[in-house]
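Novice: Take a look at this one; I'll ask things after.
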């Protein structure tokens, strides 16, 4: 199959080119990784590939999916029928093989050029010959690490549900066939693949993870290194059961009213009103097997106090630590630490409060929370502005530049419903007023909007509070907000960028 694209001389020349490259990497541990999917159609390979990519990007490992199906659609005219996938259709087989190799080559060049750390090769890869080709190119030619992930499923109910939910609405069928005809055509496509399907086993001696029936059983063989361990741990925790995740900030706090960040304040009168309204909303929804998670700070515990459901307090859900800037206003931070105030506006994700945390630190702290959320069914998280931004960025696949400016208004419920290749977000406003604590990213770093400041209640100045602390840098954060109306956006859609603390 490879001979049709690369002659012996081409391969020999490329081997010479990469000989020094491979020698240089012989003793490397931190090598680029390729995650190669394996499995028949409608087994959830693309779902796993996209979800895994989203997770790795969220924890700071730059990852990209290379989907062979997209290469095939670009290389061919409109899809006609399952005959394109017949093993004896030599013309179509040549096109499919070229698309697979083009995607493989693009993927390896992307890694070689240091554009990323992990690439996910999303294709069926159902034969031993195809997997050997991938190994030879990825490992022998480029010197990268390779890890196969197979999704094996023989449950007809799961397969049909996946076809109806995802495949019949794919570009191959949408607008061309009705649902029943598309279902039959896709089932026939699967039969063509089954004729030559060879499942992964130890005889191939590759590192792999094999998932049976969407997590019923998991087999791991020869996995090695930090990244492969993270991949295994993550994929062992995800499930496809229908559920919803509800996120809400605590009710308005007394420090919110004063425009102060951080701290451990009680709720304001309007915050208590929101607490009662939230309990009423949850009760009316009648959500089965709901769990409630809060931080260990008073304002989240008070907000969830009236909800009749099992509750847990998570230290990991505490608001971002503002260090020496805890309980300060923006004006105080700007006045006392102007350079730091401007620096945070320039790189909000990486900027760390003196003796405190950055958003990057917060993402690392929240990784165990994400793992547990992936294992659960219905959960309500009562949290804080920065914390919920990090969780939203994971579910909505937002990058580190967007994350610190995601909008999370006070007195608003965010309902996340996982879908086939992402999740649906609904923002439900309860109708109880609160201060608007979100701060737009300023055009000039370090600038403050007078309109933003005007809404907060002035408080008497505490002389002790105004003493210069021993460390000079950064500034703080708690929660901010603004309005939100009922809306629904898809996981990858653009969202307004706003800044919090």
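Any Cβ shown, glycine's included, is placed from N, Cα and C.
Predicted, not measured: the structure shown is a model, and the values here were computed from it.
I grabbed these lines from TrEMBL:
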- 28-242: domain '6-phosphofructo-2-kinase' (DOMAIN)
- 249, 250, 251, 252, 253, 254, 255, 256, 299: substrate binding site (BINDING)
- 250: active site, tele-phosphohistidine intermediate (ACT_SITE)
- 335: active site, proton donor/acceptor (ACT_SITE)
- 454-501: region 'Disordered' (REGION)
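Thinking about packing and proximity, how do these listed features fit into the structure?
Specialist: Mean pLDDT of the predicted structure over the domain '6-phosphofructo-2-kinase' (28-242): 93.
Here the Cβ of residue 299 (substrate binding site) has 29 other Cβ atoms within 10 Å, regardless of which shown protein chain they belong to. Under the DSSP three-state reduction, residue 299 (substrate binding site) is assigned to helix.
In the three-state DSSP scheme, residue 250 (active site, tele-phosphohistidine intermediate) falls into the coil class.
Counting every protein chain shown, 12 other Cβ atoms lie within 10 Å of the Cβ of residue 335 (active site, proton donor/acceptor). Residue 335 (active site, proton donor/acceptor) carries a helical DSSP state (H, G or I).
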Novice: Based on Cβ atoms within 10 Å, give me the single least packed residue among the binding-site residues 253, 255.
Specialist: 255
Novice: For the C-alpha pair, I'd like the distance in angstrom between residue 251 (substrate binding site) and residue 335 (active site, proton donor/acceptor), rounded off.
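Specialist: With distance taken Cα to Cα, residue 335 (active site, proton donor/acceptor) is 29 Å from residue 251 (substrate binding site).
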Novice: Just counting, how many other CB atoms are there within 10 A of the CB of residue 250 (active site, tele-phosphohistidine intermediate)?
Specialist: 31
